[in-house]
């Protein structure tokens with residue numbers, strides 16, 4: 001198993017997903033032994049789904065087992081709701097969401113070789129695409145900075161059982177594992193044994209296919225990453241660059257862009273609709289499970305809905321007082337700028353508010369409408385009415401946040417208020 005270790009576990013926050021079943025019990029035991037030699041100590045994480053009448057007993061078993069091994073255990077209770085999914089898929093979704101919230105650097109899962117074969121066959125039966133058919137990678141990114149690690153993939157269910165017997169390891173059996181109403185169990189107990197009996201080395205053939213598909217997928221991902229890097233090379237998603245690709249590559253680039261921004265990738269039809277609008281229309285807007293996607297001025301913008309709501313902190317109100325105090329109090333950073341406001345202005349009373357239709361700023365000898373300045377900077381129409389503006393006590397505009405100061409008041413190496421949740425326009 002040493003050959004399966006990811007680089008540099010020392011100092012990493014490592015946890016084993018412990019169900020109490022044979023596989024995870026063996027994995028935790030192995031990692032505790034390896035950790036004593038390698039200088040790292042794994043923790044354990046148990047997800048209490050509440051689906052079995054024995055769920056509390058399983059949690060108690062996991063606690064006792066971890067006490068025996070001398071490792072820490074955290075038990076997390078989740079409420080599983082189907083929401084249009086099967087019970088297995090819904091439980092898996094909740095489980096992985098709980099894993100992600102904990103922010104481990106390395107999360108070790110106990111999937112083994114037989115699980116890999118079952119996963120491939122399930123993807124075949126359900127019509128999965130390349131990513132589904134490639135089954136489970138040994139290591140993959142997870143959460144913001146972590147990885148999921150499956151060190152038991154080279155080993156069979158029998159290998160794991162033999163190890164448990166050799167070391168006298170206890171475990172619990174989930175009664176649902178024998179219920180052939182679940183498709184995975186039908187494959188495990190009926191279909192795969194029959195295929196293995198009829199086709200010599202059937203499991204080996206499946207695993208060879210999985211390895212080949214994983215290599216193809218890795219190559220495809222490399223190409224997509226390079227494509228997306230070029231499309232976003234100017235610091236934003238450039239629709240004109242995206243349009244130079246073939247339809248297939250455009251779809252993959254779009255999917256990768258959404259995934260990289262933390263957006264749940266929609267189904268194929270929804271993805272095709274986004275691609276169609278980007279190709280045919282000048283503007284577009286989509287709500288995607290807690291996110292807003294905006295197409296405007298040849299660019300694609302992503303906003304988290306909760307963040308968009310926060311941007312409305314000045315809507316229908318204005319804040320008066322010492323400018324430095326009210327700006328820092330509202331989360332602004334006072335950054336140095338070649339043509340910013342003088343320090344003494346920030347010590348005076350003023351007003352923080354959103355832009356108004358009549359607002360103008362002196363720019364290079366002429367006065368420009370603030371809203372036209374924002375339009376020229378390709379600011380989304382939805383953001384323009386809530387964009388912050390700094391005015392003096394007489395309500396005359398001094399500076400447009402994140403953008404520029406009025407030339408009549410600006411000095412070299414002055415100060416420009418910048419709010420981190422709004423785009424930077426300079």
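Cβ coordinates are placed from backbone N, Cα and C, and glycine is handled just like the others.
Sequence annotations record features per position, and here Swiss-Prot assigns ATP binding site to 19, 20, 21, 22, 23, 24. In this structure, residue 20 (ATP binding site) belongs to neither helix nor strand by DSSP; it is coil. Taking Cβ-Cβ distances under 8 Å and a sequence separation of 6 or more, the neighbours of residue 20 (ATP binding site) in its chain are 46, 58, 61, 62, 65, 171, 172.
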Per-residue Cβ crowding (10 Å cut-off), top of binding-site residues 19, 24:
24
Within 8 Å of the centroid of the Cβ atoms of 19, 20, 21, 22, 23, 24, which other residues of that chain place their own Cβ, given that this set defines the recorded ATP site?
18, 25, 26, 110, 171, 172
